[in-house]
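Summarising the annotation, TrEMBL assigns transmembrane segment to B:6-28, B:40-59, B:92-113, B:125-146, B:158-180, B:192-212, B:224-248, B:255-273, B:279-295, B:307-328, B:348-368. Under the heading domain 'Ammonium transporter AmtB-like', TrEMBL lists B:7-398.
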Amino acid sequence: MKKIEAIIRPEKLECVKKALEESGYVAMTITEVKGRGEQKGIKLQFRGRIMDVDMLPKIKIEIVADDEDVEEIINTIIQNARTGKYGDGKIFVLPVERSIRIRTGEIKS
Amino acid sequence: MDSGDTAWILVSTALVMLMTPGVGLFYAGMVRKKNAVNMIALSFVCLVVVSIIWVAYAYSLAFGSDVAGFTGDLSYAFLEKVGFDPLDGMTIPHLVFVIYQMMFAVITLAILTSAVAERVKLSSFIIFGILWITLVYAPFAHWLWGNGWLAKLGALDFAGGMVVHISSGFAALALAFVVGKRGGFGEYNIEPHNIPMTLLGAALLWFGWFGFNGGSALAANGLAANAIVVTNTSAAVAGAVWMIIGWIKGKPGSLGIVSGAIAGLAAITPAAGFVDVKGAIIIGLVSGIICYLAMDFRIKKQIDESLDAWAIHGIGGLWGSLAVGIFATTSINEFAGLINGSVSLLKAQIIAVIATVIYAFVVSYVLAKIVDAVFGLRVSNEEEYVGLDVSQHEEVAYA
């Protein structure tokens, strides 16, 4: 089992969510986060001065999936979150030891 | 001079003043949180800028001595010759009339910030606003209220169906065409970020509207009372209509209920001193339906007149201004509309509506094009992406 953490543009959430749902991946957790990548945010030029805006708002999607589903989920996220510009975000894949469904106590590992 | 009338118009001035930040809150709740400060700030910018140009020259252009039916002269510039004595036919100090009218000019400009939500360069908006008040609002106020050509023609506009609502609504449409759609409009959802804030703004608008329409009687009398009764009735009926439409289509969303109410308020505005409560019910009913259809049309045509000043104020004001010619009754005021056997008023209203729609749209479009060409109306893509709160004000609404 793996956990996929995708940091994406907030405005792309709806289409990523819809595409994942259409591929059969409904379960997810999302968090509003702020962060910066290697570009250190962006620089705005405004009335003759330069202003650094780092820590841009992003959305973090967390999905725990079986190993064989990971590639499809990653591809779906990439296809639907990409604009081609800096700031499109990043995807991390982490190993998961086990998951426990609270309602039933069912354990998967 | 009448102290009761003066007190009521001073109170009405304060009521109308509160509508402008009310518009700011109403709009701010409907944009994304990265633009909330900017949306409210734009309304305050209208308040500070218009307050200054109004006393400097715009009041005089609107209400100074008539020049060819089109504009006033500059005889009242910097409130020269404006004092404590009432104008002919009035019972309140001239100064009270000046500031009461000022609040109308302020909120009219604030309404049209709808068109540029989430993407306008603050400096360019200020320049556009000054030009717009000078070349669109002041002439309209003169045409209808300053004894200009439409007033001489017999057209009536009690509290601003044409001067305020057609002018801001159709100007907003023109401005939206020039400034273009928001980044991502039509591609992904741009959701309102704070509905309670919008409801609070709507509450302030409804509250202030009692001064807006009730004060337009320019006296504390029965006409003012009628204006307030029909205003409340029209708002309630139109709000109920949107609620029912929402219910039929799914849930009765609160944004729909208050949008309907504001459509009803805009529509009754030109008629509030001329129609009775039966007229108000029909005006509210029709405005609820046609403003909804106008909003639906705008969305289907993918026009990003972002917060619906055109659909609600423009179309509401247009319908209400025509409705004056239909429902005006001599039981309320001295004018009779179509159902009371007079055709001439409706004719004058139709001419006035056509003239104001065309003038507001065309002149606003040209002004916006000029400001866009010289200064650029729109922020850069990056500034739009991070939001106008940070890029225009270096502030955030929510830390």
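Each Cβ is built from the backbone N, Cα and C atoms, and glycine gets one as well.
Remote same-chain residues near the transmembrane segment (B:224-248) are listed as 8, 158-159, 206, 209-210, 213-217, 256-265, 267-269, 271-273, 275-277, 279-281, 283-285, 287-289, 291-292, 332 (criterion: CB distance under 8 Å, separation of at least six residues from the stretch ends). Contacts between the transmembrane segment (B:40-59) and the transmembrane segment (B:125-146): present, as 3 or more C-beta pairs lie under 8 angstroms, all at sequence separation of six or more.
Confidence annotation: the domain 'Ammonium transporter AmtB-like' (B:7-398) carries a mean pLDDT of 97 in the model. Within its own chain, the transmembrane segment (B:125-146) has Cβ neighbours under 8 Å at 42, 45-46, 49-50, 53-54, 57-58, 61-64, 66, 69-72, 101, 104-105, 108-109, 112-113, 116, 155-157, 162-163, 167, 171, 175, 352, 355-356, 359-360, 363-364, 367-368, 370-371, 375, 377, counting only residues six or more beyond its boundaries.
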